[in-house]
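Engineer: Swiss-Prot lists Glu336, His337 with the feature active site, proton acceptor. The NAD(+) binding site feature in Swiss-Prot is assigned to Tyr129, Gln193, Asn222. According to Swiss-Prot, the feature substrate binding site maps to Thr245, Gln267, His270, His337, Asp370, Glu424, His429, an assignment based on sequence analysis. The feature Zn(2+) binding site is assigned by Swiss-Prot to Gln267, His270, Asp370, His429, with sequence analysis given as support.
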Amino acid sequence: MLRIVDVTSETTDDLRCAVPRADFDVDAAMAAVIPVCSAVRDRGVEALREYSEKFDHVVPEHLRVPVEALATAAANLDGTLRRAFSESIRRRRQVCQEAEVETSSQPVEVAGGARVSQRIVPVGRVGLYVPGGFAPLASSVIMNVVPAQEAGVSSIAVASPPQAEFGGLPHPSILALCHLLGVNEVYAVGGAQAIAMFAYGVEGSDEADSCPRVDMVTGPGNIYVVAAKRCLRGTVGIDSEAGPTEIAILADETADPRHIAADLMSQAEHDTLAAAVLVTDSTTLAEAVQRELAPMVSATLHSERIRTSLTSKQSAIVMVRDIDQGLEVVNAYAAEHLEIQTADAAAVAARVWNAGAIFVGPWAPVSLGDYSAGSTHVLPTAGAACHSSGLSVRSFMRAVHVIDYTEDALLELADSVEAFALAENLPGHANAITVRRSR
């Protein structure tokens, strides 16, 4: 089912091209998204209602979901699911509190009377997008809201597409999680128009049809959501331009082929453009994984979607000489999710530099991270893991340098600053120092 790519004779420079990504042309989607963003900017609520009818086939009574609907959704939660939600929230919050929070620095005295410090401050207001396409990704509520709360964001809004099945409200699981997390500002708006609503703000006849603009938008979405983020960055801050999900697994002969097959399928289930890549030095393992995949795919609910993903160009089994070359491949690929299923997996994982998240050993599948590991599942895709990080508390915080100099400290450095400014042909900069010299 998965094609075989043999790189055993390839050089390091060629490894980045071993497995191409799926075609995900955000620029092409911009042609459809720009008019949507412009319409929301110019016509506000009227445009949002038109796009709800066009794309979601339902028009909610109000843009903002009533608080009572959030409470009702939480009250109707199945007990097992409520416990699963609560445990996921607890673990994600603990990791945020103990591993991700940055604090302001003590002032650094670079000279007598010359102090510089760094103040860490949260973003003021954020809009968090939760998709509802192939599946209602309720887990994205946790992954976006919890780090924003732990960062100290004072105003949090959530948007998710209205569902005809639920009377124009977002999926009940999404509403229930918002209630459990204490988020009361929830909008039944989806797609690119939701990103535009957050970026520009809209004002209706009352609060139920109004949304103040935000400072930053985060959360996953389809290609049109990504295009809207690209279109509106600068008007509003964004977390990333995330593409289709991807999993890479570095494995040797000690790995269980059934585990490998199940994990590859788990991410292929998301999208026909999802990437599933096994990197191994074991022909025996590769053949066993192929045998396991066929019946698993046929028996699962989303078999056609998974089969399309696994047989497309973005998915493959990559054969390498040894685990050392396998590490070169996965570091060049920079997967969103990377599993290490080898002997001495922790030591191998320590040699990985480029990955959105690393899952170590046979008992840490990507599905665990998708829901309840305590880690984030909003991760860089398409190779961006070589320079970008997943969504965390730090994503919602800003570092502000505070410069505090006395008069003597400035005058001690005046000659240097004036010389620097004049060397750059910026006499106005120099003059701002000169006018402060004693007359």
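Don't overthink the numbers, they just go from 1 along the chain as shown.
The backbone N, Cα and C atoms fix where each Cβ goes, glycine too.
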Engineer: Take the Cβ of His337 (active site, proton acceptor) and count every other Cβ within 10 Å, whichever protein chain it belongs to.
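Structural biologist: Taking every protein chain into account, the count is 27.
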Engineer: For the binding-site residues listed here (His270, His429), tell me which residue's CB has the most neighbouring CB atoms inside 10 Å.
Structural biologist: His270
Engineer: How many angstrom lie between the most widely spaced Cα atoms of the NAD(+) binders Tyr129, Gln193, Asn222?
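Structural biologist: Per the listed residues, the maximum Cα distance equals 12 Å.
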Engineer: Given the binding-site residues Asn222, Gln267, and counting only Cβ atoms in the protein chains shown, which has the most within 10 Å of its Cβ?
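Structural biologist: It comes out as Gln267.
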Engineer: Counting only residues 6+ apart in the same chain, whose Cβ is under 8 Å from the Cβ of Glu336 (active site, proton acceptor)?
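Structural biologist: Spatial neighbours, sequence-distant, of Glu336 (active site, proton acceptor): Thr245, Glu246, Ile247, Ala355, Gly356, Ala357, Leu379, Pro380, Thr381, Ala385.
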Engineer: Please tell me which one of the recorded positions listed here (Tyr129, Gln193, Asn222, His337) sits closest to His270 (substrate binding site), measuring Cα to Cα?
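Structural biologist: Checking each of Tyr129, Gln193, Asn222, His337 against His270 (substrate binding site), the shortest Cα distance is to Asn222.
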Engineer: Output, ordered by sequence, the same-chain residues six or more apart from Tyr129 (NAD(+) binding site) with a CB under 8 Å from its CB, or 'none'.
Structural biologist: Asn144, Val158, Ala159, Ser160, Ala194, Ile195, Phe198, Val217, Thr218, Gly219, Pro220, Gly221, Val225
Engineer: Which is it, of Gln193, Thr245: the one of these binding-site residues whose Cβ has the most other Cβ atoms within 10 Å?
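Structural biologist: Compared across Gln193, Thr245, the most Cβ atoms within 10 Å surround Gln193.
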Engineer: Among the binding-site residues Asp370, Glu424, which residue has its Cβ surrounded by the fewest other Cβ atoms within 10 Å?
Structural biologist: Glu424
Engineer: Pop the Cα-Cα gap between Asn222 (NAD(+) binding site) and His337 (active site, proton acceptor) into the table, whole Å please.
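Structural biologist: The separation of the Cα atoms works out to 18 Å.
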Engineer: Please report the three-state DSSP label of Glu424 (substrate binding site).
Structural biologist: coil
Engineer: Pairwise over Thr245, Gln267, His270, His337, Asp370, Glu424, His429, annotated as binding substrate, what's the top Cα to Cα distance to the nearest Å?
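Structural biologist: Taking every pair of listed residues, the largest Cα separation comes to 55 Å.
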Engineer: Asn222 (NAD(+) binding site) to Glu424 (substrate binding site): how many Å between their Cα atoms?
Structural biologist: 46
